[in-house]
Each structure stands twice: as structure tokens, then as C-alpha cells.
Amino acid sequence: MSRFVPCTAILLSAALALLFNVIWRAQLPAPLDVPPADGRFAGAAAYKSLATIARAKHPIATDAKNDVYSYLYDSLEALRAAHPRLVLDTPRATRLADDLPSTHTPAVPRDDDACANASWYFNKTQIIARVPGTSNDSILLTAHFESVAPSDAGVAVLLQVLSTLLARNATSTHSLVVFFNNQGEENGLCGSRWFVEQHLLSTYNAKAFLNVQGGNAGGRAILLRTTDDALAFLYASVAPHPHMNSLGGVLLQVLGSRSDYEVYQPAGIPGLDVAFYEQYADARDDAVDFMSPSELQFCGDNILAVTSALLALPTLQFDATGSAVYFDVLGSFGISLTPWVRVALTLVAMSLAALVLGVSYHSFPLYDTMIVVTPKAFALSVLGEWTYIVRSFAQALVGGLFFNLPVAVLLHTTQHAHFASLALPAGFLGNVLGATAAAHKWRHGQPHPNVNAYIHFAASVASCSAGFALLALLPSPIWILFAIASIVYSSVLLVFMAAIMYVRYQHETYGPDDEATYIPTRTAMMYYSSIRFENVLSPRAPQLRVYLGLAAAVAVYMFLAFELSVDIALDVASVGAKHALVLWMVPLLLTPTLYVLVSLCAYWEPNAPSYRFYYLVYVLLWIVMSMWWLVTG
């Protein structure tokens with residue numbers, strides 16, 4: 001039964017890592033119900049605004065839509081009465097009811113010229129508020145109110161941010177322009193196009209924009225896109241809850257989701273795109289049913305902090321043509337993956353792998369008929385192991401997709417987003433089973449390897465993972481997972497090797513070994529199954545201690561490298577909760593951190609009982625999920 005210790009450690013540590021991430025994600029700041037003069041964002045007040053705005057669906061050119069416009073303008077006039085420095089640059093539209101079609105039904109513009117066919121309405125109902133600063137430059141805050149109520153969350157947040165900034169009564173370096181655009185997102189981003197086509201970007205000398213979109217209806221607002229690494233770094237530095245991942249922006253583009261960012265950025269203005277995205281993609285119900293004051297507090301805290309920081313900068317010089325790469329760790333701190341950061345992570349991965357190989361060669365020597373192998377033979381033997389490591393990567397990838405295929409098919413058939421929660425555990429089991437199969441191939445069904453053979457293979461995995469780490473030079477958070485996995489794996493392995501050397505020193509286990517074992521020598525075209533079975537000089541550590549050490553190493557690795565994969569995968573699973581193809585691809589985000597488990601799987605015998613164990617867990621997973629779905633409906 002001892003051979004199942006590492007296997008059990010993998011499953012338990014993965015389950016705990018996933019559970020910890022889910023629980024951590026559920027932790028949102030308590031909504032504040034404080035007056036604007038307090039200087040902090042009041043999520044409770046923003047929620048009240050959202051409840052008013054989202055009282056009913058409001059397609060363009062309807063009484064409901066006009067009520068939203070009137071509510072926003074009334075709120076801004078009340079703010080202007082309390083703070084005379086607030087300027088309303090767009091006059092209140094009058095006689096809106098008279099402009100409605102005679103049938104009193106929504107106008108539906110033609111797809112080929114959506115905005116032009118509704119220009120009679122859009123030209124009248126845009127709202128621009130301005131707080132002058134000491135310079136001629138300005139920051140543009142923008143959000144739209146449209147026909148889908150959940151998308152109005154951004155409007156509620158910006159209204160409260162503006163109220164808080166005015167209450168601080170501090171003169172800023174730059175002007176603040178707040179644009180509440182009436183567009184109906186389905187009708188061609190008409191509001192933002194109106195702003196650009198009226199040349200208002202140059203009129204206000206806008207140097208940066210911050211777009212907040214409701215998008216979906218719930219969860220933590222995320223920084224999806226930004227044009228400049230400096231803006232990503234600013235967001236990561238000042239936002240109290242820096243939830244950010246550039247992969248989300250790419251994914252939303254692939255899914256065909258659009259935002260005003262796609263209008264402002266081509267116009268040559270640098271900026272940031274923040275959106276609610278979790279749980280209910282393209283929801284068509286009342287936003288208040290899905291959102292909470294805490295979610296608005298989460299978003300508002302970040303928008304207020306970033307806006308304040310931008311207004312206080314001495315100059316606003318950002319790149320408008322780039323595309324920053326970044327991610328966060330559990331939403332606690334953000335990392336901007338500039339080219340130099342990616343190069344540095346790659347170099348660290350390669351340096352640690354080189355150190356692992358050096359320690360392996362000098363402290364865990366390989367023997368061939370009592371003669372230590374040469375450096376050249378050692379290098380060739382390491383390269384020979386890469387076949388199994390690449391096999392592990394390929395099989396883990398295919399296994400994850402195969403195990404997750406029923407989840408994707410079920411989601412496509414039922415359109416029930418709750419099944420999305422199966423993607424990560426199913427994909428994980430498929431990945432681990434693939435790595436286990438590669439370990440079984442390495443073992444060739446032979447008895448337990450000695451410690452030096454195992455360390456040699458583990459060091460080979462470190463070297464191969466460093467090769468994969470070169471992918472981190474590519475601009476995407478997905479590729480950075482290879483570098484992170486390599487760094488954490490090599491670090492954990494170095495500690496594990498040091499522990500074995502300490503145990504050997506304490507027990508004086510160096511010397512002749514009377515037990516028959518395998519000679520772990522690797523040379524070109526030589527494999528484990530071809531090595532002779534005979535008595536050799538082979539230093540070993542006590543087996544039970546090695547098992548316990550492996551269990552500890554697994555736990556540390558899973559809570560560091562694998563946790564990051566889980567964090568990114570959960571973001572993607574949330575965005576693609578109703579998109580079967582996206583959900584099917586989620587296990588690919590786990591493979592960069594799970595294929596290295598082939599070295600851990602190699603220490604116990606991966607035989608038929610091992611496979612049956614994983615299959616049983618997979619079946620139990622489906623049973624539990626099915627029962628939960630039947631109970632909850």
C-alpha cells in the first residue's frame with residue numbers, strides 16, 4: 001500500500017488546491033454604506049443605483065430606456081448642485097417621448113448600418129460630465145447603458161466613483177471626463193463610435209481611457225485588456241483587488257464579445273478594459289438577481305484607486321498600440337509580464353535546471369559495472385529520458401481533453417452552465433492518468449528503481465521542463481506556466497535531493513548494497529529495461545522516508561505551480577461557462593504544470609490497480625455531480 005502514498009498525495013493536494021482557490025474566490029469585500037465625503041467607494045450606494053437602472057429591460061428608444069437616461073441625468077444634476085465644479089457638457093435631451101416610433105416599439109437598426117439607422121436617437125441621449133483639472137490633458141472614464149440590464153453595472157460603478165472623487169474636493173492634475181454612453185451594445189457600439197466620430201477625444205485631449213463594462217452578470221471584475229505594460233503595472237500596484245489576466249481579453253475576442261475598448265484603442269488612445277465576466281455570460285435577466293453589493297464594491301474599489309492614480313500622475317504618456325501581458329495570483333497581487341520579466345523567468349528556470357543536473361551528477365552518481373559514467377554519457381542519458389517526458393506531456397494533454405469531452409458534450413446539449421464545474425477535476429484526472437501512463441512506459445514493468453535512478457530521471461525532467469520554459473518568451477499567460485512549473489519543480493527537487501543527502505549522511509548508507517537492484521545507467525540507445533540485473537554499488541535512502549518526502553514534495557509543488565494553473569483555468573472556465581468548445585479546452589491550462597508529475601509517478605509501480613483507482617475517482621466525480629444537479633435542479 002505504500003506505493004499509493006504519492007498517488008494519494010497528488011489527488012489530495014490537487015483537491016485542496018482547487019478547494020482553496022474556489023473558497024478564496026468567494027471572498028469579496030464587505031459593501032460599504034458610507035457617504036461620499038468618507039472618500040471611499042460605497043458599494044451599497046452603487047447597488048441602489050443599479051437596482052433603479054436595471055428595474056426592467058430597456059431596449060433602445062423605449063420609455064424604459066428614457067427613464068434610465070433621465071435617472072442618470074437627474075443624478076448628475078444633483079451632483080452638480082452639490083459640487084459646482086462638475087460640468088455637464090451635454091444638455092438634457094427633451095421631448096424624448098415624442099421621438100419614439102408611432103407603434104411605441106423598439107427601433108431595430110439594420111445590421112449593415114446599425115448606428116446610422118438609430119442616429120436620431122443616439123445623438124440626443126449621450127451624457128458627458130467633466131471635472132476640470134490643472135492641465136489640458138484628461139482621463140476618460142466610460143461605461144454604457146444598453147438594452148441588457150446586467151451591462152449597466154459599469155454605469156452604476158462610475159456614477160459612484162464620480163460622486164466620491166467630487167466629495168474629496170481635491171484638485172487633480174488632469175481633467176476627468178465621464179462618458180455614460182447610450183448605445184445598445186448589440187447595435188454596433190454606437191455610443192463610443194459617436195464619441196470618436198464627434199472628435200471628442202481630441203476636444204478633451206484624452207490621454208488615457210478606462211472602460212468598465214457589465215458584460216456578464218456577476219463575480220469579480222477583471223482587467224481584461226490594456227494597451228501598455230505600464231498601465232498593467234499601475235493597475236497591479238494601486239488596485240486593492242488586482243484581479244487581472246490578459247488571456248481573458250483574448251478569449252472574449254475569440255468568442256465574439258465586443259466592448260467599447262475596440263473603438264477607443266484603434267483611435268489611438270491608450271487605455272484599460274475592465275469587465276464583470278463570471279458565471280452568467282451574456283445574461284439576459286435582471287442584473288440585480290445575479291449581482292451583489294460586494295461585487296460592485298470589488299470593482300469600485302479598483303476603479304476609484306486606478307482613476308485617482310491616473311489623475312495624480314504628472315504626465316500621461318502611454319503606448320496606445322501595444323497589448324500588455326499579465327496575470328494575477330489569487331487576485332492578491334498582479335504581475336505585468338513585460339519582455340524582460342519573461343526573459344528573467346526563463347533564465348531562472350534554466351539556471352535551476354542546470355543546478356539540479358549538477359547535483360544529480362556529483363551527488364547521485366550513476367554506475368556501469370562499478371565505474372562512474374562520464375559527463376558525456378551522463379548528458380546523453382539525460383537526453384534519452386526526454387522521450388518519456390515529452391510522451392508524458394502529450395499523453396497528459398490528450399488525457400485531459402479525453403476526460404473532459406463528456407463535460408463539453410453535456411454542456412453543448414443541455415446549455416446548463418453548472419456542468420462547467422466538472423471541467424477542472426475531469427481535466428486534472430485525465431492529465432494525471434496520461435503522466436502515469438508515461439511513467440509506466442519508463443518503468444517497463446520492472447521492479448522498484450533505486451534512489452539514484454529515480455533522481456536521475458527526476459533531474460532529466462527538470463532539464464526538459466527548462467526547455468519547455470523557453471515558451472515563456474511568447475506573450476501569453478499560458479506560456480508563462482511552463483516557466484513557473486519548471487522553477488517550482490526544480491526548486492522542490494533541490495530540496496528533496498538535499499533531504500536525501502542528509503538522510504544518507506545520518507544513516508551512513510553509502511557503501512556496497514547486498515540487495516539486487518537495477519543499474520540505472522543511460523547512454524545513447526540504452527533504456528531501463530535493457531539494463532542487467534546484478535549486485536552493484538548503489539547508494540540508497542530508506543524507502544519509507546523517500547515516500548514521505550515525495551508526498552511532501554507533491555504537496556508543495558501542487559500548492560505553488562498547480563495552484564496558478566487552477567487560478568487561470570477557473571477564469572477561462574467562468575468566461576466559457578456556456579461555450580462548450582472553450583470549456584473542453586480548459587484542461588490544456590493544467591498540462592504545463594502536471595506533465596512533470598511523470599517523475600513522481602515513476603517511483604511507485606503504475607500498474608492496473610493504479611489506473612483503476614483513477615477511473616474510479618472519475619466515475620465517482622460524475623455520480624456526485626449528477627446527484628448534486630438533480631437535487632439543485
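Residue numbers in this text run from 1 along the chain shown.
Every residue, even glycine, has its Cβ placed from backbone N, Cα and C.
TrEMBL entries are annotated by machine, without manual review.
Features of the protein shown, as given by TrEMBL:
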DOMAIN    127-306  domain 'Peptidase M28'
SIGNAL    1-25  signal peptide
TRANSMEM  340-367  transmembrane segment
TRANSMEM  388-411  transmembrane segment
TRANSMEM  417-439  transmembrane segment
TRANSMEM  451-472  transmembrane segment
TRANSMEM  478-503  transmembrane segment
TRANSMEM  544-562  transmembrane segment
TRANSMEM  582-604  transmembrane segment
TRANSMEM  613-631  transmembrane segment
What residues elsewhere in the chain lie close to the transmembrane segment (417-439), defined as a C-beta under 8 angstroms and at least 6 residues from its ends?
10-11, 14, 18, 279-281, 388-389, 391-392, 394-404, 406-408, 410-411, 566, 569-570, 573-574, 576-578, 583-584, 586-587, 590-591, 594-599, 601-602, 606, 610-611, 614, 617-618, 621-622, 625, 629, 632
Do we see three or more Cβ pairs under 8 Å linking the transmembrane segment (478-503) and the transmembrane segment (340-367), pairs being at least 6 apart in sequence?
yes
Are the transmembrane segment (582-604) and the transmembrane segment (340-367) near each other by the rule of at least 3 C-beta pairs under 8 angstroms (pairs 6 or more apart)?
no
Distant-in-sequence neighbours of the transmembrane segment (582-604), which means Cβ under 8 A and at least six residues beyond its ends:
2-7, 10, 251, 254-255, 388-389, 392-393, 396-397, 400-401, 403-405, 407-408, 411, 420, 423-424, 426-428, 430-432, 434-436, 438-440, 442-443, 448-449, 454, 457-458, 461, 465, 468, 478, 481-482, 484-486, 489, 546-547, 550, 553-554, 561-562, 564-566, 568-569, 572-573, 575-576, 610
Looking only at the domain 'Peptidase M28' (127-306), what is the model's average confidence as pLDDT?
85
